[in-house]
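Inspection log for the structure reproduced underneath, given as structure tokens.
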Amino acid sequence: MNHVITTTDLTMRFRGCDALLGVDLNVEPGTVFALLGENGAGKTTMIRILTGFQKPTSGSASVCDIDPMRDPLGVRRRVGYVSDAPALYDWMTVGEIGWFAASFYGGNFHPAYGEAIRRYEIPEDRKIRNLSKGQRAKVALSLSLAHDPELLILDEPTSGLDPMVRRDFLESMIDRAAAGRTVFLSSHQISEVERVADTIAILHQGKLRLCCPLVELKDSIIELTVNLDDPLIALPKLPDSTETLCEETYGRQRRLVIRDFSSDMHSLFTSREGVVGTSERALPLEEIFIAYTKGSLGPGRPRENPSEIVEEDAKVTSGSQA
Amino acid sequence: MNEGHGTTRGLVWKESRQLMPVLLILSGVGLLLVVLWQWIATFSYQRDYIGNYLPFVLPALFSVGAAAVLVGQEKEQKTLWWLGSLPTPPARVFWIKLAASMVGLVIMWGVCAVLVALTHAGHTGGYAGGMGFGRWLGASTYVFLAVHSFYILVCGFYTTWRFKGTFASLLGILPLSIVPFVVIEAIGSLRNWGLGPSWGASVESVLVTYSVLVASIVLMTWLANRAAMKALGPTEPESPRKIDALSWAEPWRPSELDSSSRDPYRLSIASLLWQSIHHSRYTLLAITAMIMLGTVAGSFFTRSQWVSFAGGQLGALMLAGLVGVAWLGVFAFTGDGSASRLRFLADRGASPTIVWAGRHLVGLSIVATAILLYWLLTYQVLPNLYREGLEFIPSVAFVTLVLWVFYSVSQWTSQLTRLLALSTVLAPVLSIFTAYWLGYAAMMLYMPLWLLVLLSMLPMLATWLMMRRYMDENRGWQSWVISIGAIGLIMCVPLISPALKVAQFPTISDAIRSQRLAQAKATKRFAYPQPLTIHQTLGYENLIDEKPSAEKRLAQLEKRNFEPRVLFQPPGGSIENVPALSIDSQTLFPMIKYANYQKVRVQSAPDNEVEAAAMTDWIEMMVDVVKRLRKSSRWLDQDRADVIEIWLTNLMSDESFDAFRERDFAKETIAMLANQEARSEARRRAVLISWYDEVTKRESRFDSLGGYESNSWPDEYTMPLRPDEYTMPLRPIIQPRLAEAVADAGLRMIEASEQGKPIEPIRRELHNLLIGPEQSFDVSPYGPLVQASSDRVHPSDLLWAYRNLPSIKWYSPWEQKAKALANQDVDSAETKEME
């Protein structure tokens, strides 16, 4: 299968920071691909490279089988792009900017744009400068979608949108993916991403820490809580097939976020002297993201009655397994 | 994909829409400035050469600012990157922007041509006729300026695409703009040519000049295209060598301050000062350099040695310095001083006053440093290097005031327009105009200095008052009220005092005016008076005037006979054939002198019939002249006729002339002299017609009232220091009122004489109008002392004839004397009859 986006050993270095370090990425067509990362992780740099605004220090990229460095116009014809702060001509009216952008695409652009604007209930004769932040975001989205691009690249797309529009927008992303179009978005709204994304990638300090389907990701990562007699007791070493993303101690509890942990590994802990019991919990995407990027889930809630927690977590675990 | 016409059409539409406001604003401002300047120049009665440049400023400003609007503004607002995200080749974006701005420049030249044509129209004579913008420029200079403006335009495109900041790109245009001149000068030096086509250079040098200019345009367009492709294309990564290498400045940087333990500034204004300096250091440095260079040039410009050596270069540097001060003012409210950035401070409750002061501290410090440098160079250093000459050296206070006005107006422009590209273009023009207007108000409208200082502070006050709203990005109607109010005050306050003086100036009621005009319209006009001229006889003048040789020449003169009717003739005819005459003092003065000479001859030989006959010829000629002068519609000729009649009255009253009284010519003369009614009627007709012609502009010279130069009133002999209202530029408003009041006084004097009413109050009125109430009436030509001796014609009386004062001799004692002569004749006739 041809990937819509492919990057190979993509590296972008600036004086004083490394934005991307050997990023290898493949985006399947007909999916909603979410790129997550903290501020300064390199998401926008990645998007700028993919849209042909920035040449990388090394490595290569391909978007819709086009090299954005060699043919940025080709890329821009086939993708729709909305930056995190779209700067539209504020002296134009909503209608005029549609007409203006249509002159670059032709075809069905203008009717499609007009339809989108009417759907968002934005008056066509109003100047961009007189629109609210949310309305501007809607105009920018309408402009990027009007030529029905095979790939939509969005940088913080729902910022400024009200909840209703946000929901509609996210659902339309799912519809686009279902129609065989691809959506590549970067966002901080992880709960929203979780609702629509097929594939998740986490960029941390310029490195791609994770890139896999969301379902697979959520299935593979759990939080294991180990109750101990003595907090100083050393835990057993896990098999190499697993990856411990973070380990924290809260009183006589040890919490670990582990990837590819299987239930038969509980015995490794329970067989150890001083271990009172273990429990596991499925993590939401937000906590997975934090575990990957921060190495800690933060000061968790103190669990004063471990027995109850074990019971509760066990329920969650069993539920998850079910 | 719609790659072709659709994209081009969209881009052309967008660029046109972006340029349209600049074109309209510049045209509007240009028209306003031209109208105001012409108004000022009309009132100042002089050609205002600075005004010549005004229409040409428009294309110049457009060529400087077009790229800033089409590219710089898009960069600032980041719309260029959105445009870049659309599928269109960068080259198309570049060429359409350049083409649109070139079309805009052509339109701007068209507007310039229209303004030049407008200023030429309707001014064919008079002082205002001298006001013709661009008249001094030759056709070759027009072409040169036009071609050079295209070069400036492409320079602007290069710098704007090349540099990140709009300010930096505007600064970059300055050195680039002179590159062709340097090249032409270098080639010219090699070939001994002058610079540019307007210096009367050879065809070859003109070809080289334009070749260099065209080559510069091509080169700069190529550079601009390259810079645009770089800016619109993918950003190149930094080379690994550069990334890993330390900056050359690294070893010189101070060690980082531990911000957690130290708070570098205790006062918020100090932080603001730090921010003002650091937000755009290189731009600030470049502007400062411009100002300091301009200051140094200004100091050297006060030395004639340097002006003759490098006057043009010094002038250009001074202009650059002034533009630098204007841009320093703009700098206050751009970048970190822009409304969107100051919102950061507003959100944190920063005091608008503190922020306002913080934004101005750096700028004002630089201006103050420039003034200090000027004082140091001009008054301390240069006098030690060069000998003092008769040079005009502007005072430090003057320089301070000019720089202050430039800074003050520019920072206001920046806060009002909010678009950097527009304010950098507008600020220098508005600063120049405001500085000129205030200077004009001080020097020509006699506005007090303290008021000038107060008005120059208004723009600063306006930005301070608007600061809170500016920081909140909330420009409501109050902001507009403050702005319009300040503009209104600057424009109108200097006019208040002159307007009051004009309002208080004596005038006549509408009813009287209508009555007089109707009377004037109904008055009979004779043919236009022909000038009586003296036909010089060789050596005659010198015999009279050159005292050292007078006796010697008198001997020669006595051998010659002069026919008065040959000596004094109207052009192409004799006096008898002309219905009306006019006479100027250059003719009247010798006439009296030669007649006096003849009188002396008669007195020295009373029995000589030849001399008596000659005397008769003179008197008959003078009587004919008086009769024709009385038919002249010019007021002046009536007063000149008075001088001749006074001389004749004195002659007829002279005892040595008793023997001639019985002769016919003497009787005719005495009859004429005694005819008071005819004289009054002639005077009335002349005053009415003179005034009517002045009112209806039948007289082509608007400054003439019946031959009197009414624009020279009040009389400059008696009053070299005139009151403000006479010298101020509102003179054209006062002029008709003054003429009207003088004419009315003249007519009332005639009426008073006819009705036997006292005339002295009207004489006093004329004195106040024409000489000034500040002057003593007693020694005035209208005063009692002069009037008492007005029956004599002596050298001082002849001097009065030169004077520009009407009706001095009207109804004075000589007229009584003339009447008495007639009575005396009647008495003697009666006595004879009785005998």
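Any Cβ shown, glycine's included, is placed from N, Cα and C.
Annotation comment: TrEMBL describes B:53-72 (among others) as transmembrane segment.
When Cβ-Cβ distances below 8 Å are used as the criterion, the transmembrane segment (B:93-119) is approached by residues 8, 11-12, 15-16, 19, 22-23, 26-27, 30-31, 34, 38, 54-56, 58-59, 62-63, 66-67, 70-71, 83-84, 131-134, 146, 149-150, 153-154, 157, 161, 221, 224-225, 228-229, 232 of the same chain, each at least six residues removed from its ends. The feature transmembrane segment is assigned by TrEMBL to B:93-119 (among others).
TrEMBL lists B:139-160 (among others) with the feature transmembrane segment. Long-range Cβ contacts of the transmembrane segment (B:139-160) within its own chain (Cβ-Cβ under 8 Å, at least 6 residues beyond either end) map to 56, 59-60, 62-68, 71-72, 75, 97-98, 101-102, 105, 109, 166, 168-170, 172-173, 176-177, 180, 196-198, 206, 209-210, 213-214, 216-217, 220-221, 223-224, 227-228.
Per TrEMBL, the feature transmembrane segment maps to B:167-187 (among others). Counting same-chain residues at least six beyond the ends of the transmembrane segment (B:167-187), those with a Cβ under 8 angstroms from any Cβ of the stretch are 64, 67-68, 72, 148, 151-152, 155-156, 158-160, 193, 195-196, 208-209, 212-213, 216, 220, 280, 282-283, 286-287, 290, 316, 320, 327, 331, 334-335, 420, 424.
Summarising the annotation, TrEMBL assigns transmembrane segment to B:207-224 (among others).
Only residues 6 or more beyond the boundaries of the transmembrane segment (B:282-302), in the same chain, are considered here, and those with a CB under 8 A from a CB of the stretch are 165, 167-168, 171, 174, 310-311, 313-315, 317-325, 327-328, 331, 335, 362, 366-367, 369-371, 373-374, 377-378, 381-382, 391-394, 399. Taken from TrEMBL, the feature transmembrane segment applies to B:282-302 (among others).
Per TrEMBL, transmembrane segment is recorded for B:314-333 (among others). Counting residues 6+ beyond its ends, the transmembrane segment (B:314-333) has Cβ neighbours under 8 Å at 167, 170-171, 174, 178, 280, 283-284, 287-298, 300-301, 306-307, 339, 359-360, 363, 366-367, 370, 402-403, 406-415, 418, 420, 423-424, 427-428, 431-432, 463, 470 in the same chain.
Feature annotation from TrEMBL assigns transmembrane segment to B:354-377 (among others).
Sequence-distant contacts of the transmembrane segment (B:389-407) (same chain, at least 6 residues past either end, Cβ-Cβ under 8 Å): 298, 302-304, 322, 325-326, 328-329, 363-364, 367, 370-371, 374-375, 378-379, 428, 431-432, 434-435, 438, 452-453, 456. Summarising the annotation, TrEMBL assigns transmembrane segment to B:389-407 (among others).
Residues annotated as transmembrane segment in TrEMBL: B:419-439 (among others). Residues of the same chain lying 6 or more positions beyond the ends of the transmembrane segment (B:419-439) and with a Cβ under 8 Å from any Cβ of it are 21-22, 25-26, 29, 33, 36-37, 40, 50, 57, 61-62, 64-65, 68-69, 72-73, 76, 166-167, 170, 322-323, 325-327, 329-330, 333-334, 338, 402, 405-406, 409-410, 413, 447, 452, 455-456, 490-491, 494.
The transmembrane segment annotation in TrEMBL covers B:445-467 (among others).
Annotation comment: TrEMBL describes B:479-500 (among others) as transmembrane segment.
Packing against the transmembrane segment (B:354-377) from elsewhere in the chain are residues 268-269, 271-273, 275-277, 284, 287-288, 291-292, 294-296, 298-300, 321, 325, 328-329, 331-333, 337, 342, 345, 396, 399-400, 403-404, 407, 411, 460, 463-464, 467, 471: each is 6 or more residues past its ends and has a CB under 8 Å from a CB in it. Long-range contacts of the transmembrane segment (B:445-467) within the same chain: residues 333, 352-353, 355-356, 360, 401, 404-405, 408-409, 411-412, 415, 438, 475, 479, 482-483, 486, 489-490, 493-495, 497-498, 724, 728-730, each at least 6 residues beyond the stretch ends and with a Cβ under 8 Å from a Cβ of the stretch.
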